[in-house]
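Engineer: In case it helps, TrEMBL gives these features for our protein:
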- 1-33: signal peptide (SIGNAL)
- 52-147: domain 'Ig-like' (DOMAIN)
- 152-238: domain 'Ig-like' (DOMAIN)
- 243-336: domain 'Ig-like' (DOMAIN)
- 341-426: domain 'Ig-like' (DOMAIN)
- 1041-1097: region 'Disordered' (REGION)
- 1052-1061: compositional bias 'Basic and acidic residues' (COMPBIAS)
- 1087-1097: compositional bias 'Polar residues' (COMPBIAS)
- 1138-1160: region 'Disordered' (REGION)
- 1174-1326: region 'Disordered' (REGION)
- 1191-1207: compositional bias 'Polar residues' (COMPBIAS)
- 1244-1269: compositional bias 'Polar residues' (COMPBIAS)
- 1277-1296: compositional bias 'Polar residues' (COMPBIAS)
């Protein structure tokens, strides 16, 4: 019923689409065929729909026994109901007069009393169900095989045997495969019960494992296949006591090759016997099988392997391994897994018109690969000129006629089974023309070009439409004498020519042309009779071409005579070409085979053959490819190098032989080594083919060893490298630190070279792996050369005469480079004719120099191509001027990055003067050098070239995203994070996304930009007791990186002003400490009568609080008035020009608690290490700014000079804060931010340049009102800069180095970094914080990169600290008392001087 309802739905759907298409109007006659449900009918035409017609049940393969009954099921659906018939072995069965076989009502076939004998097998065979609907068509089912079990007979019977107790025994009883299900066993003529220890194999064999005395007795197998049971011979099984002596392992049953279908179960038998009792394990393709944890693999009794529900992955070679501790034996078998045919694409229903061409598509898979045949209305489709099999399985029908209508089925079949899928073809009638004039016949139809296999037709417009711009044409053609007509349409309106392809030579065709306009098709032209040209009788392709390798350098190709020789074959031409090249070679052959010699070893070649007759070359065969056999390598491995690890081990590195010399797959390498003093005692070791290094251990201390490496293929060992020597250390030296400075350095200048000699460091206990020589004119960093640790001299070549060179020498090891030793020398002038003598130092380990060393490559350049690719180019002075390589030299390029410092070099070989280095990291500085090798001679490494890869967008999100609540401000949160691990460039900012809905679209989240590389940010005015979700995205100059995972944070439940700082922490990371449930009647406290928590307060507490507030306010006003009056008297005209106004946004910052609440960061450790370096005239334009507390007084910074110190008050700065990009935000909108003082920290590495700063006054922490936000500035103004105030500083002044001595804890902060003067610019590296500015724009400025004391040499994340407002009077007094108790008299004097400056600023404020 479900199938019937589905068929009706399909019918109604098809009708609906047909109706829709009918409304679209008439379709041109030559249009492409309509697929599945789109009938191109015009209004008024009869509607024809596809009729559901398919099998509900198809017959399946069945096994029966003689005398039993069998039902082969079959049921088909159609309206009206189909007629069911049956075929056996391709012939229809006559079921009317058959008393044993009858058709059941549903269409199934019932066979009673199956007949089967040696000479009469009428029921066994292949059955097929055929369903027919009159006036519709016929479909056929899949073919089902009925197998009748043969006569019961045994192919092998059990034999008497004996077995030791605890061992395994087998009793054979093999029958035909179709009788196996009917076999059972008896012991002592009683049915034998099978269990985990006693099993029956699929072939009938009985296996008894761990035999006991109860297993002894008489055994026989019984075959019951419908008739009387048949018994095998009886065999006695004797159980022998354990002799307690060993016996050889033997297989009682070995696995044999098996073929199974996907989904079946398989048992691989394996039974072994011996003493001690063996254990069985299995391997597949050299991998051990885990039968304990697998659900599909089971180790049966005796050791057989059972695999359930076989899949294609189970195919392979299985090894059964028996091991009893004394010996091991193994057997193997191949398991082949087959698959039934399965449709990847089934044919679909098609609408078409007569004369059209259609294609039914059919894609199948299976193992073995299925064959495909097509059936039309139950009859086999025989390929012809009009029915063709294309693309292996598709059916193409050319020139449709009405009789082609019906059901077409694609039937796929292989050794395992078969399957069918069908589709319906409907031939539509052309719709009648609409009202309106139709075109007359096209005029002057002629064949303008006639060839052997195509004809080009041209014609003129019909007389009824001389212009014919809107006319389309259809050309109908057929072979003379054939009723089937094909059609070819013009490609566009107005076109009056068409080329008919794929015709037969020397064949007569009839052509006619019809024109169509919007009303329909017009008259047909008169038939035109044209004969194609006869084809020259050339040979066809030579069939059965095959090739096989005879040796590593020869291949034999064989073929047969062409089927269509068209005359006597005179000779053949064999073409062959190496794979990957475009140069094809040929050879003339007179026979049907040829052996080509002199080919490259282990190289793939393609071959094709062309036959020649008297008319010329025929059709070429398809290419056939084959590879020559492998051979031993013809060259040694490359770039052998030795690295002494310690006193007992040496690491060997090498590269494979050149690809052209490998001659096969490299399967391994053979390493031979020996002591230099005992050359006959050679040790050999083998490593795998993928390994390119090996650590040789167990060597003697202080001994020289020789090493060589050879490559291996399956054919043998290739040539070895030359012996390379290395000497183990006398003792295990230290390589946890860099070497010390070399003990001496001497230079001897010549005209164009300098001879450098040296002696090793005095401390011989640290590993030295080589020396780095740097040199250059005026600077030793222009070029660097590295030499071996044994070398004691080096000649620097290609220098300029009469030039002053600075030379540096450093020893290095795997940790890094040691302390350098400097020397300078002036090369001699050209006119110096003094003798150029060879300068050789008689130092230990000095090698004898090669009389003709190779010159290193010069002009090494690194060209950056992308974020991961750099091209290295160089020149070779030992080559001719045209720089063309004509010998066997090659170049070795090495590269590394200096981060981290102990990065190993990577090497690659090149045979040209350039190399493309790929796989590099983005935004990373690499150094490159090149060496040339020719035969046994090599140069030293060239001068290094450097290149930094381009940046790339960050490929990882920011890390460690955390959200915490701000103390005392429940509606404000602080987001912290760490930079992405793969930043791939300088981070220029972050974007914070936050929302209350984690599933919201990303464009609905609130966006909070963070400029620069800050790692913290505040967000204000969030809703209480609400979960928020946060994501962060990093950006650099190339774009945005991926977002971090969403982090959830719930804001606290209530805004409790008196909550202690640790209360926030107790709320699980800011999720809030929940208040007790106060009920629905709870109301907030009003008029101060209740405490913030809702508990009543006593009148005494309220009065005391009121008195304290009024007292503090009065005292504060009195102090401010006194200070204002005092400052007014000292106001000068110059200071009046520097007045500033202060206005607080969102109220002033209240100073919470006492002075101890302001905890400066831990920045005063190791004060003595901070030094102010000399001026760098190119200061960093992007100083990293961080919220930082402010130094207390002038003692905080060491004075630069006395003149600056004496005029410190006259040059005091007056700051004005500019509003910057707001860093506080809410979900509803943005608010102004309280002003902050931003102090630069040392978040850059200490290797960068250090810049100077003027000795500027810094403000006391108690007077933050001198830095305030100027609300007169336009909102969002970001073009602000630091400006110095000194008029006495000149631009070339350098600051002397000064050490900061320890003092008061708050004295150890650095000076703000001041950028260079100029027009205001927006610095994306700065956070959204007000910057300091000053009015003196024309002054010269010195800037310094500042560092927090105690953190030099390491990065410190930014620490946001909001500058507090002025504290209350009592707190100010207490702070002053604290400072007095710790200051000397002179310090107190300077403190008072600062206080005077403060008074002047306050005076300016009050007057403003």
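Here the Cβ of each residue, glycine as well, is placed from N, Cα and C on the backbone.
Since we're looking at a predicted model, the values are computed, not measured.
Show me how these features fit into the shown structure, please.
Structural biologist: Here the domain 'Ig-like' (52-147) has a mean pLDDT of 87 out of 100.
Residue counts for the domain 'Ig-like' (243-336) under DSSP (helix as H, G, I; strand as E, B; rest coil) come to 6 helix, 50 strand, 38 coil.
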Engineer: What are the helix, strand and coil residue counts for the domain 'Ig-like' (152-238) according to DSSP?
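Structural biologist: Secondary-structure breakdown of the domain 'Ig-like' (152-238): 9 helix, 38 strand, 40 coil.
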Engineer: When secondary structure is assigned with DSSP, how many helix, strand and coil residues does the domain 'Ig-like' (341-426) contain?
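Structural biologist: Secondary-structure composition of the domain 'Ig-like' (341-426): 3 helix, 50 strand, 33 coil.
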Engineer: Tell me the residue counts in helix, strand and coil for the domain 'Ig-like' (52-147), as DSSP assigns them.
Structural biologist: 0 helix, 47 strand, 49 coil
